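Listed features, source Swiss-Prot:
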- 8-145: domain 'TIR' (DOMAIN)
- Y266: phosphotyrosine (MOD_RES)
- Y423: phosphotyrosine (MOD_RES)
- Y448: phosphotyrosine (MOD_RES)
- Y463: phosphotyrosine (MOD_RES)
- 527-548: region 'Disordered' (REGION)
- 702-713: compositional bias 'Basic and acidic residues' (COMPBIAS)
- 702-800: region 'Disordered' (REGION)
- 714-737: compositional bias 'Low complexity' (COMPBIAS)
- 749-759: compositional bias 'Polar residues' (COMPBIAS)
- 767-777: compositional bias 'Pro residues' (COMPBIAS)
- 791-800: compositional bias 'Pro residues' (COMPBIAS)
Amino acid sequence: MTASGTHGGYDVLILYASDAAEWCQYLQNLFLSTRHIRKHHIQSYQLEGESAISDQELDLFNRSRSIIILLSAELVQNFYCPPVLQSLQEALWPPHKVVKLFCGVTDCDDYLTFFKDWYQWQELTYDDEPDAYLEAVKKAISEDSGCDSVTDTETEDEKTSVYSCQLAMNEEHESSKSTGEHLVVQPDHIRCGVQTTVYIIMKCRLDDKVKTEVEFSPENSSSVRVLAELENEYTISVEAPNLTSGTVPLQIYSGDLMVGETSVTYHTDMEEISSLLANAANPVQFMCQAFKIVPYSIEALDKLLTESLKKNIPASGLHLFGINQLEEDDMTTNQRDEELPTLLHFSARYGLKNLTALLLTCPGALQAYSVANKYGHYPNTIAEKHGFKDLRQFIDEYVETADMLKSHIKEELMQGEEDESVYESMAHLSTDLLMKCSLNPGSDEELYESMAGFVPGAPEDLYVEMLQSKPDTPISGDEISLTVKDSMLRKFLEGGSTDAPDSGEGVSQQYGEDLYYSVEKDTFPQEMASRPPVPVPRPESSSPQPDNELYISKVFAQKAQRPENLYVPRGKVRKETIVRPVRDLSQSSIYDPFAGMKTPGQRQLITLQEQVKMGILNVDEAVLHFKEWQLNQKKRSESFRFQQENLKRLRDSITRRQMEKQKSGKSADLEITVPIRRSHNTLGKPECGIYEYAPRKNIFPPKKELKRGDWKTESTSSTTSSASNRSSTRSILSVSSGMEGDSEDNEVSEASRSRSPIPSQAERLPLPLPERPPRVPPRGASRPVNCEGFYPPPVPPRGR
């Protein structure tokens, strides 16, 4: 038998056999690192051979406040030796100070025959966290020092079930998580430079015959230990030393045993005044009180501020000016000394979600988003820091979507052109697409603006007349405005010969099969009007032509084509009809890559128009349905979740259009993939979103076991090289574009999205995690900071 350490009373005594020596050393280092137990108060005792514990050594066990027994295979074998077992039964008593740690063995009912108090011992395993080891020792020491009231859970002596005992131990463990929960400090705020008496009320009884001390441990200076005076058996008083401002931890020692810990705060006079003013001038509470919002409600304040800002914004909004304004000359403006430098920072700090969504549509939104406060935080990180993770996600996705729109438009327009003016002009045409499709889907302006060009009977200045009508004009002006809107809406929904949105279908229905319908009779001479009919087009050959094009040519063929108008279904367009209608739509000289994307309001109008054509609804009912839909959209737009859904819909639509553009010119069922490198050492990055807690799938292929007869005679390097240079093809489904595909499967791989460079400048590969030791769990973040350097040793082998 071997004992290491100094003689006297010990806080922790570790009983182990030779096969658990590494675990004994690990526990000693762990306890010393926490500063709760001093070095000369830890003792280790190794049980050797089949020798019983002597009477002198039994006194060592009796004077120890807690005993940890490492149950390894070698130690358990000694239980079958009667002299050793009898000495252990005397040494491991009383049961409240014994902690058993299963180290390579499992629990069973046979141990109850060896020790009658087996189920009263605290139980630990090799895969527990270090905090569990510390808490078990602190609990045993507290009970041994007379602090019986640390936990109110009574020990049930008659329980013989393993599961019932584990449940009781879990309850005790939860009730004694921290000794700091059982302390009351008055006062807990101390003025610097002022002599202050601090009173500490304990929940456990203190011994008046033992010296009690309080140790103050500031971060930037050495610890100060002060002798405390015992006011009664539960209360002590101590003169606080003069320390600098900040939070100072303190520990209470009864003799050499730490019986509690807590913290106090030192502050200067100015810091105290600042704290009082900050509590009294809370901006949210102040505004709730000013606007008479009782009880205080963030949601009500958010709604009120959002509506107030909307009233001061023009009806058509400010999104026509874009949100991409950035400061390029003076970059120092991106760093401010204020905590909340902009209104966007303020709304993100206090979780004003609707106000944040509205501010993101105002000019300069990206510039405000790029400004860091004095702590280096941006609006999105401020929102997450204060617990508004959904708001953080919305801000990130909104900024990324705006960047996707800008990048995609520029990529479309700058193909083969160097004129930046073309891009600048085009940017103004699609700058409000984000607003129309995400935050304001039911706006009147974009609907009536789109209808004004499609209604043949409308005058040229109809939309201008509608916008120029003001509320401060006489009542007749409002009536005229309402009449104009209703008239346009009715003519649009009547469809028939006009068929506004489906321009290609309207040509075929309005003018029929007569190719010269658009030619006026009195305009041209008679001989031109009586010309012979146009020859019938030749029918297409029914016999399929042999496809002599090479396979590789199909894959790499690039067809320069513009996206088609999404309002016109491909199956309804007559390719032989080339004559334009009399009143043609005004065509812009600038190509708009998003011109065919329908907003929610346009899709609703098209749906109602189709129902009117089919006779399901009449025009009056369709008008009522549309107005009801607009009212419902206006109410729903006040919901933050509704805005999130619309933003996601727009992002999916843009992604589908980008994917379709990439696949244009290629065969519909062929796609070039990245060469596959066959290597077991390939490092991969799990496919996991920034807001998700786990990867979507395992990127590493399952290991293939080698079997007899499975060896290859080829060279490994040549096989890998040939496989890495070979391209694979796979079948893919065609992806439809446009926002009208609400019922489509919008599952787009997150890895295929091009993330905006604004929220994250670079994607960094995560550092490789250390190898997990066999049968030893990973050490999580719950480990104390000062314990990170200690790793548990491997578990001893099981006994046979």
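Just so you know, the numbers here start at 1 and follow the chain as drawn.
Positions of Cβ are set from backbone N, Cα and C atoms, glycine also.
Here the domain 'TIR' (8-145) has, by DSSP, the following mix of helix, strand and coil residues: 71 helix, 26 strand, 41 coil.
Counting only same-chain residues at least 6 apart in sequence, those with a Cβ under 8 Å from the Cβ of Y266 (phosphotyrosine) are I190, R191, C192, L243, T244, S245, G246, T247, V248. Averaged across the domain 'TIR' (8-145), pLDDT for the predicted model comes to 86. DSSP gives Y266 (phosphotyrosine) a strand state.
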